[in-house]
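Heads up: the structure comes next, in structure tokens.
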Amino acid sequence: MSSVVVVGTQWGDEGKGKITDFLSENAEAIARYQGGNNAGHTIKFDGVTYKLHLIPSGIFYKEKISVIGNGMVVDPKALVEELKYLHDKGVDTSNLRISNRAHIILPYHIRIDEADEERKGANKIGTTKKGIGPAYMDKAARVGIRIIDLLDKETFKEKLEHNLGEKNRLLERFYELEGFKLEDILEEYYDYGQQFKEYVCDTSVVLNDALDDGKRVLFEGAQGVMLDIDQGTYPFVTSSNPIAGGVTIGSGVGPSKINHVVGVAKAYTTRVGDGPFPTELFDSIGDTIREVGHEYGTTTGRPRRVGWFDSVVVRHARRVSGLTDLSLTLLDVLTGIETLKICVAYKLDGKTITEFPASLKDLARCEPVYEELPGWTEDITGVTSLDDLPVNCRHYMERIAQLTGVQVSMFSVGPDRAQTHVIKSVWRLA
């Protein structure tokens with residue numbers, strides 16, 4: 001039995017999809033455990049670029065099981081569209097398994113999400129307006145509708161009818177928007193469920209059976225630790241738990257069955273949406289990194305905010321997710337920058353702090369304390385091992401490992417799978 005969890009250590013968009021895809025080669029089951037179609041990941045497979053939002057990146061290996069876990073919120077319409085997108089590209093999806101316990105996103109969740117962001121104005125969270133938050137709210141309020149409910153028309157109608165009474169009052173009286181009619185949703189969404197019912201099962205059983213049979217299971221997180229609802233920059237967070245602890249809740253696999261946790265970190269830092277960002281760059285270096293790194297959201301197309309590598313953030317991720325390994329991505333983007341900076345601590349009201357503050361008011365006042373390192377000019381996109389990297393690049397990686405307290409076990413120097421390199425296997429048994 002061997003299991004690996006892949007988590008983002010920053011604010012998402014760290015390259016988790018690419019690393020998950022790479023590690024999938026040695027896994028026999030790949031599972032997502034939280035989030036929904038608010039997270040996009042881009043994967044290159046056999047020279048073709050794919051953009052996925054819901055379906056795990058292991059879908060391209062037809063002999064491996066790909067799991068949408070119970071902790072996810074699934075937009076049935078988006079799922080059907082994504083399946084069609086894959087089928088149109090000739091991808092076999094018979095290896096997909098969808099948890100019957102996962103909650104679904106309905107049109108009223110999306111409308112409420114949009115209206116709420118609009119209402120907040122300058123205080124908006126910066127959501128993707130995909131209905132994720134409102135769906136998780138319904139789950140916590142015990143009025144959510146699950147996949148298993150969607151497949152039973154009578155149950156679906158009963159729950160939908162009950163929810164529409166409340167949602168329409170909210171939309172019409174509070175947001176002054178038009179509500180929904182039962183018939184607007186019932187037939188269309190029941191039909192979506194029928195289109196993917198062949199994949200629906202108890203995925204906790206599937207995953208535990210795989211682990212008990214000695215198979216390798218990979219758990220794929222969405223977003224990142226700093227977007228975790230408990231450990232992130234609240235309230236500028238997502239509505240679920242991307243940290244490694246979210247695996248046990250969102251997949252139905254106990255913590256004793258988790259072996260390694262791989263934290264994926266960019267060689268710099270990015271963020272989409274609002275909220276404090278201590279190392280953010282507003283100069284030409286920031287613009288260069290954004291353009292060279294193609295730092296635009298997979299889901300929204302929004303330009304990402306760019307900053308220097310922040311070891312305070314990644315240390316926080318190490319602690320709350322129990323990181324055993326680090327995978328450093330997009331090193332090639334930093335090529336040509338004469339002097340690189342790493343944030344080693346923050347200055348808050350004249351005092352040096354080395355741990356990430358819980359208060360956003362404090363975080364907004366934090367000034368980064370930087371350590372400067374010489375950059376490199378050599379093209380590193382074609383390297384095949386750690387030894388091929390320029391000395392300054394290796395020093396940069398070593399310093400990140402020292403400052404974060406996590407060994408760098410993998411690094412990536414480009415978008416293709418062949419540009420991801422292993423220093424130490426994360427599938428090791430010890």
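Cβ coordinates are placed from backbone N, Cα and C, and glycine is handled just like the others.
Annotation source Swiss-Prot lists GTP binding site at 12-18, 40-42, Arg304, 330-332, 412-414, citing sequence analysis.
Note on Asp13 (active site, proton acceptor): other Cβ atoms within 10 Å of its Cβ, all shown chains, come to 29. The active site, proton acceptor annotation in Swiss-Prot covers Asp13 and rests on sequence analysis.
The Cβ of Thr128 (IMP binding site) has 22 other Cβ atoms within 10 Å, all protein chains considered. Residues annotated as IMP binding site in Swiss-Prot, with sequence analysis given as evidence: Asp13, Glu14, Gly15, Lys16, Asn38, Ala39, Gly40, His41, Thr128, Arg142, Gln223, Thr238, Arg302.
Reduced to three states, the DSSP call for Gly40 (IMP binding site) is coil. There are 19 other Cβ atoms within 10 Å of the Cβ belonging to Gly40 (IMP binding site). Taken from Swiss-Prot, the feature Mg(2+) binding site applies to Asp13, Gly40.
Swiss-Prot lists His41 with the feature active site, proton donor, giving sequence analysis as the kind of evidence.
Taking Cβ-Cβ distances under 8 Å and a sequence gap of 6 or more within the same chain, the neighbours of Arg302 (IMP binding site) are Val272, Tyr296. According to Swiss-Prot, the feature substrate binding site maps to Thr298, Thr299, Thr300, Gly301, Arg302, Pro303, Arg304, an assignment based on sequence analysis.
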So, three-state DSSP: helix, strand or coil for Pro303 (substrate binding site)?
strand
Per DSSP, three-state class assigned to Gln223 (IMP binding site):
coil
Listed in sequence order, residues with CB under 8 A of Gly15 (GTP binding site) and six or more positions away:
Val264, Lys266, Ser327, Thr329, Leu330, Ser412
Of Gly40, Thr128, Thr300, which is closest to Leu331 (GTP binding site) if I measure between C-alpha atoms? They're all binding-site residues.
Gly40
Distance, Gly12 (GTP binding site) to Gln223 (IMP binding site) (CA atoms, angstrom):
4
Thr128 (IMP binding site): which of the recorded positions Asp13, Lys18, Thr42, Thr300, Pro303, Val413 have a C-alpha within 10 angstroms of it?
Thr300
